[in-house]
Every structure is written in C-alpha cells, then in structure tokens.
Ligand code: 2HA
Ligand code: ZN
C-alpha cells in the first residue's frame, strides 16, 4: 500500500467522519463501537504498490467464504473520538486469507493494533447479508442510549420492538420495513453472539443486542448510519413519551402503517403489521 495515498482515500475519510459522527451522537463512549467496510480490489488497487503484507493475524472462525475480500476495520480497544486524528493507527485494511482462518494486514494498525473484538460478528454478518444483497458493504455496531434503555423495560421480542419503533414516526417503517431483529443478551466478542447476530441478519438489517447496543448492515456508510439513526430517533421519541407520562391518546395506526408502505412501494414484515395498539382500550 502507498500509505500516504490510502490515508487520503475517500474510504478512510468516510471511516473518519462516520466514527466521529457516532461518537458525537453519544453512541460510542470510550472504546465502544466498531465498523467494517468492504472494499473491492478495484477500489483499492489505485493505492497498492506491492502485494506487501504488513502482518498476519489469526481469526477464531472460518471466514473462507470471504477469502480474498478486503475490509477497512476499526481496531480493538481504540476510541472513536480519536480515529479522525489517527486513522492509520486506529483502523486497518485487512484481506481475508485463502484458508479463511487469518487476515493479512495491508495498511494501518501501525502501532501493532488488531481488528475489533467484534470481528466475528462483523464477518459473519457480511457473509449472510451478501447472500441476500450483493451490494452489502458496511457493518456498524454502536451503543445508542434510548434503544438500550428500552431493552430493560420492554419484553425482548421482535414484534413488540418493531411495532413500537414503527409507530414512533412515519419514517420508521419506510427505513426498516423488515423491522428490528432481537437476540437474547449474550457475551460480546464471542463467536456465539456472531452466529446469533448473523442468523438474524438473514431477515433484518438491524439487530438489537439487549443491554448493549445495535448491529446495522447496509450498502454504504450513509445508509447504515441512517438506519441506526432512524431506529435511535424512534427510541428517543418512545423515551420522551414515557417521560411525559407514557399515555398515548392517538397514534400511527396499523392502517396508517399499511398506507405508508403502499405509498412507498414497500412490503413490511407482515408478522408485525397488526397487533396491540399504543392507545389504551383500543
Ligand atoms: O468495540 O463495542 O462490543 C467495543 C464494543 C464491544
Ligand atoms: Zn459494543
């Protein structure tokens, strides 16, 4: 890699902006959060001067389905607050090795860093999302406050969460018509949470990790950030309703949801389209 060139690439610039944006929203305190961004050989070839591998790092599962693919990935333990000032230290470009059990570091991590501790969840998510969307590029994990708070006060089921978030603003069902995936509370950084998350990613682009945060997937940085932003905005409205006493006198009805979907040419998850009203006795 021609280091000076790659650091100025649009990909590293986007990573800097997005990590800073996540920090500024208060969703990535300390070393919270991680982002991976799939890049094509074509996109990075203009920055490549050799096939040089800086280091090889083992990974604890089989990512051979992604062999040869490149990912720009935030480093484990680093603070999103600082990525913008030190992208070559706090992020790295890796290529998945042929056997799928290690990654070759091509650029970055220049003080010995390694990819995020949530790398298994990221790669497993990329694999499953690529099966349903060949344009899949980005996996983003962060700790949005209001959504996390809701994971303490509501039953942990997808229908409850999806319907409440859909009903908080007209935009929700348009931005995430499939709803929100929910897994049980699990230990972060493990292959187990990666497998559970990736399984949900077959049907959803956003999966809540109770008492922890959210995983989002998408075709671009903006789209993935926008997805999480919309979910968290809905969660903020829900929190604000609770602060105002929690009683809804009116709402976006199930018929309104169906109309929204029709108007935007979307097919929302049919399992979540009818159910309990937010207005008591309705
Ligand atoms: O990268 O957010 O889930 C730090 C985390 C772990
Ligand atoms: Zn986390």
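Cβ coordinates are placed from backbone N, Cα and C, and glycine is handled just like the others.
Record features, source TrEMBL:
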ACT_SITE  118  active site
BINDING   141, 143, 212  Zn(2+) binding site
DOMAIN    13-239  domain 'Class II aldolase/adducin N-terminal'
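Counting other CB atoms no more than 10 Å from each candidate's CB, the binding-site residues 141, 143, 212 peak at 141.
Using residue 118 (active site) as the reference Cα, a 10 A cut-off selects 141 from the binding-site residues 141, 143, 212.
Model confidence over the domain 'Class II aldolase/adducin N-terminal' (13-239) stands at 97, taken as the mean pLDDT rounded to a whole number.
Apart from 141, 143, 212, the Zn(2+) site neighbourhood in this chain, defined by C-beta within 8 angstroms of the site C-beta centre, holds 32, 33, 142, 144, 148, 188, 209, 213, 214, 215. Secondary structure at residue 212 (Zn(2+) binding site), taken from DSSP and collapsed to helix, strand or coil, is coil.
Using a 10 Å Cβ-Cβ cutoff, the residue listed as 'active site' registers 27 neighbours.
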